[in-house]
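Participant: So that we are looking at the same thing, I have put the structure below in structure tokens.
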């Protein structure tokens with residue numbers, strides 16, 4: 001079924017351009033008469049909203065979850081050992097090292113997180129542990145963000161792929177049951193950040209502009225949002241956007257995604273019940289499909305343009321980590337201006353916001369270094385190392401993030417479980433378990449796919465190709481291994497990106513001028529064919545046209561030569577340029 005046919009109905013499709021992502025309004029309950037009309041006493045209505053507020057405060061601002069995948073067939077064939085042991089919310093990595101006399105010994109690395117999931121945990125349980133607790137609170141003017149981190153082949157795609165669909169299903173259930181007749185609407189947008197630029201994945205990769213209004217609220221001009229009312233429509237939109245993702249070839253993946261894709265589920269409602277006015281944002285849930293970063297040691301077989309992309313990606317991941325740490329520490333200043341990624345997600349780091357990070361790790365001995373890098377990144381994000389527990393324990397009980405994340409999920413989400421039985425046929429638990437049972441084969445592949453055949457074109461499987469060797473930038477505690485050839489400063493990167501954009505604009509102007517010159521040449525030829533044409537006039541005008549054309553080409557060539565020189569200075573010139 002073509003995607004465009006899904007939006008023929010006005011109730012299904014609604015396009016919004018230039019709306020502020022943080023143009024939010026607080027959740028306002030229906031009036032007392034509406035509450036009594038549904039048979040709900042006024043005091044019970046107030047109690048239910050008070051309970052929602054209490055549940056919202058009990059959910060941690062940031063939650064770091066680690067998921068371990070099982071050994072795949074290739075690793076079993078090589079007789080690789082499982083070097084990770086899990087005990088409750090902690091895990092231990094057993095790293096084999098050599099002494100000076102070449103005798104082997106095992107060094108243990110212990111990490112503590114909010115939750116550690118072993119290889120037997122299904123995707124349904126992952127959703128219940130990570131995203132499900134934050135779904136109800138986005139109706140209370142909360143912005144939430146969920147993203148996965150890990151090396152290629154660690155199970156990011158297998159983990160992240162079903163989460164947006166499961167979350168949207170729960171959001172629609174809440175809208176149709178708990179918050180029915182409240183005027184809530186669900187909107188979907190899908191865009192990517194590539195090379196510091198924004199592109200709309202649901203509008204033929206149209207280039208977008210990011211602006212700030214007088215209230216310092218981020219607004220993406222031209223971004224299309226689609227009003228949806230069922231999960232199938234959301235699935236079609238995700239497939240459409242994922243098919244246009246930016247991909248490239250890296251040392252580890254032939255089809256690695258080189259952009260950050262951001263899928264946002266925004267809950268809106270009309271102002272004062274007036275349908276004629278544009279709806280305002282109440283809450284938002286963002287799923288970030290991060291691009292593949294790599295260590296300098298892993299980029300030796302990549303061209304220099306790919307290295308440039310990797311440097312930009314690493315910069316954005318560092319900025320994302322710093323924003324999350326500042327959010328968790330309740331700092332007054334959030335460094336969201338560190339990259340385009342964090343600027344776009346600014347409203348997810350201020351106010352009442354929640355963040356979930358899923359760190360995916362590989363258990364085999366050959367991936368030990370990458371696994372440790374992933375865990376160190378997650379540990380820095382959460383600052384929940386073994387020696388830091390006492391610091392968390394002295395926080396006040398109302399803001400104790402560690403305690404709030406250890407609460408039973410049943411006490412966090414009674415609203416969701418009350419109507420779960422009404423739509424069990426739309427979310428079969430057994431199918432989800434079967435999907436995970438065959439995960440050994442899925443993990444073995446570069447791009448795991450759903451085994452029931454429903455989501456084969458679901459190109460978010462590219463997230464497994466992204467974030468390649470993503471842990472390299474986190475080896476700050478011991479010995480940095482960044483390739484000095486790509487360790488550009490932020491100013492150098494920004495300057496090169498700006499010069500690239502200037503060159504593209506100059507090329508565009510040259511093309512427009514060339515088209516005007518071609519039209520003038522065609523008119524000159526028509527006049528030359530007319531009887532009585534003046535030869536001197538024809539020669540003079542032709543000489544002027546050719547001189548104008550040559551001058552434009554020389555100017556563009558000079559601009560290009562200057563840009564090539566700048567690229568050579570930073571050693572990022574693509575080899576295909578003919579060095």
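Glycine is treated like the rest: Cβ placed from N, Cα and C.
What TrEMBL records for this protein is below:
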{"type": "BINDING", "residues": "150, 151, 152, 153, 154, 155, 156, 157", "note": "ATP binding site"}
{"type": "COMPBIAS", "residues": "432-443", "note": "compositional bias 'Acidic residues'"}
{"type": "COMPBIAS", "residues": "444-456", "note": "compositional bias 'Basic and acidic residues'"}
{"type": "REGION", "residues": "425-456", "note": "region 'Disordered'"}
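Surface or core, plus neighbours and distances: that's what I need for these features.
Facilitator: With a 10 A radius on its CB, residue 157 (ATP binding site) counts 27 other CB atoms from all the protein chains. A helical conformation is recorded for residue 157 (ATP binding site) in the three-state DSSP classification.
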Participant: Among the binding-site residues listed here, 151, 152, 154, whose Cβ has the fewest other Cβ atoms inside 10 Å?
Facilitator: 152
